[in-house]
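Following: one structure in C-alpha cells, then a few remarks.
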Amino acid sequence: MGKTLSEKVWDEHVVRSAPGEPDLLFIDLHLLHEVTSPQAFDGLRLAGRRVRRPDLTLATEDHNVPTVDWDKPIADPVSRTQVETLRKNCADFGVRLHPLGDVEQGIVHVVGPQLGLTQPGMTIVCGDSHTSTHGAFGAIAFGIGTSEVEHVLATQTLMQPKPKTMAVTVNGSLPEGVTAKDLVLTLITHTGTGGGQGYIVEYRGQAIEELSMEARMTVCNMSIEWGAKAGLIAPDQTTFDYIEGKPEAPKGADWDAAVAHWRTLRTDDDAVFDAEIVLDASTMTPFVTWGTNPGQGAPLGASVPSPDDFDEPNDKVATEKALQYMGLEAGTPLREVKVDTVFVGSCTNGRIEDLRLAASILEGRHVADDTRLLVVPGSVRVRLQAEAEGLDQVFLAAGAEWRGAGCSMCLGMNPDQLAPGERSASTSNRNFEGRQGKGGRTHLVSVPVAAATAVRGTLSSPADLTPVGG
Ligand SMILES: CC(C)[C@H](C(=O)O)[C@@H](O)C(=O)O
Ligand code: SF4
C-alpha cells in the first residue's frame, strides 16, 4: 500500500520507533518567539545544557511588540520584559534573532517562509499553535508547548505519537472574489472546531492547487482552528517558484537536488487516508463569523442565526451565549452589522498579496465615518515591499492607519486592542471572547470583506461597493 504525503515526511524523520511508544522525530526547523520560550531557556540553564542546533533555530519578536514608535523602548513593562528576555536568551545561547528594528523582524510564521527557511518535506515546530501555516509548503509543522520547546532546544528532537491522516478534498474552483479565507472559514463551520482532532490533514483538489502560496498559507494557518494537529499541501511548481531565490533556499546543484526530492512528496495513488472530507469550492461565497469560535460562521449574505436553528442542545446554548457576548440579535442580516474597527493583518492575512488585495479595493475610496482601519504588515519585508509599491499611500489616502510589523490586534498582548464592546472585522484567525481586547467583539473575515467593510462601515463585500468614480 502506498503512503500519504504526511506519512512520507513523518517516516523520513523518525529517529527512534518502538511499539506502543511515541516516535522520536528529528526537527528540521525550530522557530521561537518571546511568549513561549522564556521557561524553556530557563530549563536549559538549570540543567546546564546548550542549544543543540542553533543553526536550525530562529527567533523573532512579534506578539508583544508595538506597531508604532518601534524605535523607542517598549512602554508596557510586561511586554518589555518578554522581549528583553528573548534577547538575552538568544545572546546567551547563540540563537539567531530578528529583533524589533531589524529588517527581517516580523510574525514568526511570515518570517520563516519569506526567508526561504520553510521548505517542503521538513518537520517544523514552534511554541505557537499557528505553526501549521508552514504546512502550505508540504512540511509537517505544528505548535508545541513550552516543555517541548525546551526538549527541542536541547536535543533537536521531539517525541510524538503518529497522528491519523485525513484528506480535505476541495473540488472545483473558487468563484471570483471568494478567497482562501472564505474556503477555510466554510470548512471550519462545516466540521466544527473539533472536527480535525487527532489528524494531520492534507488539503488537496483543484481549488487548493489553484491557490497561490500565500493563500495556501492562509488555509493551513487555520488548521488548528478546527482541531487538526497539522495541515499540509503537496508541493508543486507554485511552491518551487515561490521558494526559488529566497535568501535561505538551496542554490545551484543543491536546488536541483532539492526539487527532485520535493517532487516525490505526494500522496501515492493507492494510499489510504483514515478519513476524508469533500467540499465543492464553486458553491462558496464570502463567509464571516458571527460567534465566539471560528466554527460559528455563515455566508455574508445570511442573517445572524437563532439558537432554534440548531438541533444539538450544546449548539443551542453556545449560540445563545455567543449572541449575547457579541451583542447580536438573531435574524439581523449580517450585512447590517455595524463595525467599529477593521484589522487587516496577522499570520493568516498579513502578507504582501493580502495588502495588494486590500489596496486594490481601497484605491479611490475612503474609510467610513466612525470606522477605523488598521493595516498591519506581517513583517518588515512586507512593509517595505508594500511601500515600494505605493500601497501605503493608498491606505493613508483612504484614511487607514499604516503600521509596523507584528501580531498587533490579532491578540491582546500589545497596545493594539479593542475597547470593551467594540466590534471588529478582522482578517486574523481567532474570535474568542476577549481575544482582541477585553470585551471586544470579533468577526473573522477575508481581506476583501475587511476592505469593503471599512468603506461601508457594516459587514460588506466588494460587490456591495459603488464603483469608484460612479
Ligand atoms: C501566544 C501564542 C502561544 C499563541 C498561539 O499558540 O497560537 C498565539 O500566537 C495565538 O495566536 O493565540
Ligand atoms: S498573528 Fe495572531 S495567530 Fe499569528 S502568531 Fe501572532 S498572535 Fe498568533
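We number each residue from 1, going along the chain as drawn.
Keep in mind that glycine also has a Cβ here, set from the backbone N, Cα and C atoms.
The structure displayed is predicted, hence computed values, not measured ones.
Under the DSSP three-state reduction, CYS407 ([4Fe-4S] cluster binding site) is assigned to coil, being neither helix nor strand. Residues or ranges marked as [4Fe-4S] cluster binding site by TrEMBL: CYS347, CYS407, CYS410.
Here the region 'Disordered' (418-440) has long-range neighbours at 130, 181, 221-222, 225, 288-289, 291-294, 296, 325-327, 337-350, 354, 409-412, 446-447, 449-450, 453-454, 459, meaning same-chain residues at least 6 beyond its ends whose C-beta is under 8 angstroms from one of its own. As annotated by TrEMBL, region 'Disordered' applies to 418-440.
Each residue of the region 'Disordered' (418-440) gets a DSSP state, and the totals for helix, strand and coil are 0 helix, 4 strand, 19 coil. Around the Cβ of CYS407 ([4Fe-4S] cluster binding site), the number of neighbouring Cβ atoms within 10 Å comes to 31. The record gives CYS347, CYS407, CYS410 for [4Fe-4S] cluster. Within 8 Å of the mean position of their Cβ atoms, the other Cβ atoms in that chain belong to ASP62, HIS63, ILE107, HIS109, HIS130, GLY345, SER346, THR348, GLY350, GLY378, GLY406, SER408, LEU411, SER428, ASN429.
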